[in-house]
Amino acid sequence: MSAAKQLFKIVPLTPTEINFLQSLAPVVKEHGVTVTSTMYKYMFQTYPEVRSYFNMTNQKTGRQPKVLAFSLYQYILHLNDLTPISGFVNQIVLKHCGLGIKPDQYPVVGESLVQAFKMVLGEAADEHFVEVFKKAYGNLAQTLIDAEASVYKTLAWEEFKDFRVTKLVKEAEDVTSVYLTPVDGFKLKPIIPGEYISFRWDIHNPDITDIQPREYSISQDVKENEYRISVRDIGIVSDYINKKLQVGDIVPVHAPVGTMKYDSISKKGKVAVLAGGIGITPMIPIIEHALKDGKDVELYYSNRSYQSEPFREFFSNLEKENNGKFKLNNYISAENQKLQVKDLEHINPDEYDVYLLGPVAYMHEFKTYLVGKGVSDLKMEFFGPTDPDC
């Protein structure tokens, strides 16, 4: 991909303009979700061509509007310096790159946001507000465009590439692993453990005509020029994958990206992995690489039931093969087993790298505990939109 496209001129806001926008922060906090929900409705009606870049399930549940509202609020609070939210911004950049977001889509979002503010705030969204907001939005949009251009240059390929399904394996009663290889024979490079790939699914449903974008973690390193994803049946697309996808089917795949990557240069000798349910998928290559690096690995693995627990045999064998270097701690909710913070009391932040992924409530509980314990470099990500609740 070429150099970043310059669609917006970055013009620093004046102190007066910053104060004006920040004075509206309480309004954005209170009405932000209404604004963003209105924005998406307007945008999808006015610019239907962008629908295929958005997960419509996240629209229906309100997760995507909530995340965008949170993003706008945080941007307004940090107009002087984005450094405190740089991690959050980086997750957005990588998400956009994984989905193949293009610079030309930013003016569409900007115009739709302006219209939504006018509809929701009425006279409060006057000419002065619109002028200052457009300036601030343009600065943010071009910053993201520049950052995304830098990421695109590092990816293994541009755009989406057709992959063929080579194998389907049932890992649990509601989890299927999908093995895929490039149709054109492209040689896949080893992944960085923790990366995910984005898909564009046509699920052949007469009631759902839009292409459905989804991201799934790569659940093992590249073998035989194949990626593997492992998908739990919890939604429209995942139901299609588990029940209707067939060997030989073709699906477009974007190059891997990721925020929760294995830290291969860490000098710490121990790794603790906390995984809830299907959050185990990116942890598998992370665990394997940590063991190859000679680290002691502890897995705290929570599932609803034995029937819903994927990779049970794999982890059991891994424990046997590694002579005490890998310790598996299983927690099954149906058996009244639950990971407790007391199970993690021994974790010394100076000795352990810690990885965390699972349902939002699970992540919130253990993130709060681990950060309070002094784990300053906790490695985690979110399935779905970057969640402001965690």
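Glycine is treated like the rest: Cβ placed from N, Cα and C.
As written in Swiss-Prot, here are the features:
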| type | residues | note |
| --- | --- | --- |
| MOD_RES | S2 | N-acetylserine |
| DOMAIN | 12-149 | domain 'Globin' |
| SITE | Y40 | site 'Involved in heme-bound ligand stabilization and O-O bond activation' |
| SITE | K95 | site 'Influences the redox potential of the prosthetic heme and FAD groups' |
| BINDING | H96 | heme b binding site |
| ACT_SITE | Y106 | active site, charge relay system |
| ACT_SITE | E148 | active site, charge relay system |
| REGION | 157-390 | region 'Reductase' |
| DOMAIN | 158-263 | domain 'FAD-binding FR-type' |
| BINDING | Y196, R214, E215, Y216, S217, F382, F383, G384, P385 | FAD binding site |
| BINDING | G277, I278, G279, I280, T281, P282 | NADP(+) binding site |
| SITE | E381 | site 'Influences the redox potential of the prosthetic heme and FAD groups' |
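Cα proximity to G279 (NADP(+) binding site) (within 10 Å) is found for the following recorded positions from Y40, K95, H96, Y106, E148, S217: S217.
Among the recorded positions E148, E215, E381, the residue whose Cβ has the fewest other Cβ atoms within 10 Å is E215. In the three-state DSSP reading, E148 (active site, charge relay system) counts as helix. Here I278 (NADP(+) binding site) is compared against the recorded positions H96, E148, Y196, and the shortest C-alpha distance is to Y196. In terms of Cα spacing, the recorded positions H96, Y106, Y196, S217 that come within 10 Å of P282 (NADP(+) binding site) are Y196, S217. Cβ neighbour count within 10 Å across all protein chains ranks P282 highest among the binding-site residues G277, P282. When the recorded positions Y40, Y106, Y196 are scored by other C-beta atoms within 10 Å, Y196 scores highest.
Per-residue confidence over the region 'Reductase' (157-390) averages 94 (mean pLDDT, predicted model). For the recorded positions K95, H96, Y106, E215, a Cα to Cα distance of within 10 angstroms from G277 (NADP(+) binding site) holds for none.
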